[in-house]
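Per TrEMBL, the features are:
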DOMAIN    49-211  domain 'Glycoside hydrolase family 31 N-terminal'
DOMAIN    253-578  domain 'Glycoside hydrolase family 31 TIM barrel'
DOMAIN    586-672  domain 'Glycosyl hydrolase family 31 C-terminal'
DOMAIN    689-750  domain 'DUF5110'
Ligand code: GLC
C-alpha cells in the first residue's frame, strides 16, 4: 500500500467536509403558457405547472427550455386537463380553478394553495436541490396536522413524527417501527388538518424520503436522484383525495371471486402427495379453502417455469383434481432466472437480450434462491411481453394465479438489490437501476398479469406481489412480506394495511399467523379472526417453524378457526361488494375510522380497530391471554354482532372476548348482506343471501340502503354489462316501515329463487306485512315465502321471491 500513490489518497487526508450549498429557483424571470402547461422560468431553475382537474395539479422542476413531461407508468394516460384562470400581480402568479387557488410567488417560487374561501390549505415554502442531484420540497405543517398514506409502512396509523424512505427492500429482519423502507413504495402523503385534507404524490421511482419528524413546523419530501415531479391532490375530505388519486393511478380490476377466499400456504408444501393430502384435510375437516400455494420447492432447482419431476410427477393431473375439489394452485414466480446454459428460459433470455446489463454490455448476475441468476429487464416492453407469454407454461397446466416474490428485486448481497449502475433499457430511454429501482416489482407483476390474461380465455387472473410502486393496484394484490409470529406484528398489520388502503392499495393483507418464528394456538386464533375480514386472507409460514394449518393445535382451536374462516365465506357477498366499490371509486375495503368519521378527534390515530366498509366495526384481540378489551364506538348506535346488544356510540365500551369471540359491531340504520356457508367460493353455485337490517324504527327519520353488486365472479363479462345491481331500501314511516327491492341492472342472474331479510332487533313489532303471509319459523326454514318473528332473538325474518322489483309495508 505504502509504495503506490494510493498512500496519499485524498480520502485519507481527513479534510473537513465541504458544506454543500443547496440551490433554489431564485426569482421568476418570465412565464409562459404552452398547450395548458405553465412554464415559469427562474434564475437557476424552472417549474412547470399543469392542472389535471380543478382539484389537482402537477408541479415539476426542470432545467432548459422545455420540461420532459412524460410520467412513470403509475400515472394513467388522460386526455383532458383543466384550464385555470391566470392572473399576475406584484407578488404572485395566481391560478384559479372552481375549487382552489394556487399562488406561485414571483420572488421565491413559494407555492400556496388556498381553498374557495381563501383559507390556506397547503404551502410549499421552498424547493431546493444539492449539487449532487438530490431535491427537497419543504412544506408547512401545523399543530393539528395528521399524516396518512405512504403505502406499506410500519408503526402507527398517523405518520406525524415519523420519517420514511421509499426504496423497495427485502426486510427479513423483524419489521419494527424504525424500519423506514419495506417492499412497496407508494410515495403518496396525505395531510389532514382541521377539515381539509390534501395529498402530495411524488412520481419518482428512485429513492425518496418523507420526513414529518425533523423540521419542526415543516415536513419535507425529497428525492435523491431523478426529477422532482409532484402532484397536488385536493380533498377537501380524505375520501376525495383517495378518489382523485386512484383516478390518476388506477383502481383494482375485479379479482376472481376465488381470490377472496381463504388461502393456505407454507414454505413449502414439498410434494404432490403432501399437497393432495392438505386439500383432502381441508375438505374432510369442513374448513373452507380456495387456494393452496406452491413455494419455491415445486421447481426444478428453483428454475421458474418448471416443476420438479420427482416431487411433482403430474402437475396437470394434480391441478385438475384439486380444481374438482374447488381448490386452485398458485405457484411462486421470482424474477431471478438461473444461470444455466441448458435451461431454455435462461438461454432464450440471453439470446434475445432480455436481461439487465451494465452499460459495458455484461449481463448483471446476482445470487438468489437458484444461485447465480440473471434478471429480466421489465422496463423494456419487448421483455415484459416475453415474460408474460412464458406464463402459458402455467396456464396450460390449469393455473390461474401467480405469486410474484423477491421482485424488489431482492438479491443476496450487502446492497440487498441489483447494482445501482445497471442500465435499464426503459423503452429507448435508458436509465440506471438507481433511478428506476421502485418500478421493478410493478413492471414484473404487470407483465405477469397481462401474460396470464392473454392465455385465460376471458377468465380473470390473480396476481400476488411483494414489491410494487403506485399503480400496482391495477395488477396485483399485495401481501406485507416476511412478518413474524409476534403479537406485535399482528397489531402492526392493522395500521399497515389500513394505510395501504388509503394509498390506493385496497387488496392487501399480512401472512396470517406470522411467517417467521413460531405461532401459538392463541395467536393463530386471534390473527385468523382478524384476517377473516382483511381483504387478502392467507395463512403462510416459513420453513422450520411451528406448523400453522388450522388443525395444528387440536380440536378446540380447529373449531374456532373453522367458524371464522366460515364467517369470511358467509360474508363474501358483502366483501365482494366492497371490492366492486374499490374498483369503481378507489375506496378501501377495510378502513380506519378516520375515513368515515373525519371530525372525530378520538380516531385520528386509532388503529387497533377498523371498519369493513362504512358500517361494520371490528376490534380484534391482539395480546395474549386477553379476554376483554376497550372498544371505541363512534357516534351513532351500534349493535353487537353476536348478541344484538345496542350501544350508544361516541364513547369507549368494555367488551368481553373469550377465545372464540371477535368483537364486531354493526351501525344501526345500516344493512349488511350475508351469503351461505360454503367450502369454496364456487361451491354449489348457491347465491342465496340475507340482508340484515339493523336498528329499524317505525319513524320517518329511519332510512337504510344497500346496493348489491353481483356478477359471475370469474370472467370479464361484467365489463360488457353482465352484472347486476340490486337496490334495497328501508324507509321508516310513522306507522311502520317500507321495505323495497329493485334491480337497477340485471344482466347477471344469480342462482337463487328467494331473497331473505332479517330485521335485527327492530324497535317495534309489526302486526302485519302487507302482501306477505305470517308463517312459522319452520315454514320459513322449509323455503316458504312469508314472514315470522323469532321470539328468542326478537328478529323479524322475511322471505320473498327474488323478482325484478317489489315493495312491502310493515305495519306497527
Ligand atoms: C420470501 C417470501 C416468503 C417465501 C420465501 C421463500 O422470504 O417473502 O413468503 O416463503 O421467500 O420463497
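Using N, Cα and C of the backbone, Cβ positions are placed for all residues, glycine too.
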Across the domain 'DUF5110' (689-750), DSSP yields 4 helix, 38 strand, 20 coil
For the domain 'Glycosyl hydrolase family 31 C-terminal' (586-672), the candidate among 49-211, 253-578, 689-750 having the most Cβ pairs under 8 Å is 253-578
Summed over the domain 'Glycosyl hydrolase family 31 C-terminal' (586-672), the DSSP helix, strand and coil counts are 7 helix, 33 strand, 47 coil
The average per-residue pLDDT within the domain 'Glycosyl hydrolase family 31 C-terminal' (586-672) comes out at 98
